[in-house]
Amino acid sequence: MKMFFTVLVTLFVCSMIIGICEGREIPVKCKGSKQCLQSCKEAGMTYGKCMNGKCNCTPKG
């Protein structure tokens, strides 16, 4: 059971790291995530959200 938990935590951490690395910040200022959707689609990404006043785009959810 301990081995299963260790593997599960390791996979979770790796998936979080991969998800962060795949994201891309684009030079578009925003106040809400809705403002980023079109800009992220034009940049070739699927999803976008506003973080710290700039659009952060990711290829998957």
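Including glycine, each Cβ sits where the backbone N, Cα and C put it.
For 1-23, the entry in Swiss-Prot reads signal peptide.
Cys30 (disulfide bond) is surrounded by 19 other CB atoms, counting those within 10 A of its CB over all protein chains shown. Here Swiss-Prot flags Cys30-Cys50 (among others) as disulfide bond.
Long-range C-beta contacts of Cys55 (disulfide bond), restricted to its own chain and to partners at least six residues apart, with a cutoff below 8 Å, comprise Glu25, Ile26, Val28, Cys30, Gln35, Cys36, Ser39, Cys40, Gly48, Lys49. According to Swiss-Prot, the disulfide bond annotation covers Cys36-Cys55 (among others).
DSSP assigns Cys40 (disulfide bond) to a helical segment in the three-state reduction. Positions annotated as disulfide bond by Swiss-Prot, on the basis of similarity to another entry: Cys40-Cys57 (among others).
Taken from Swiss-Prot, the feature lysine amide applies to Lys60.
The most densely surrounded of the disulfide-bonded residues Cys40, Cys50 is Cys40 (count of other Cβ atoms within 10 A of its Cβ).
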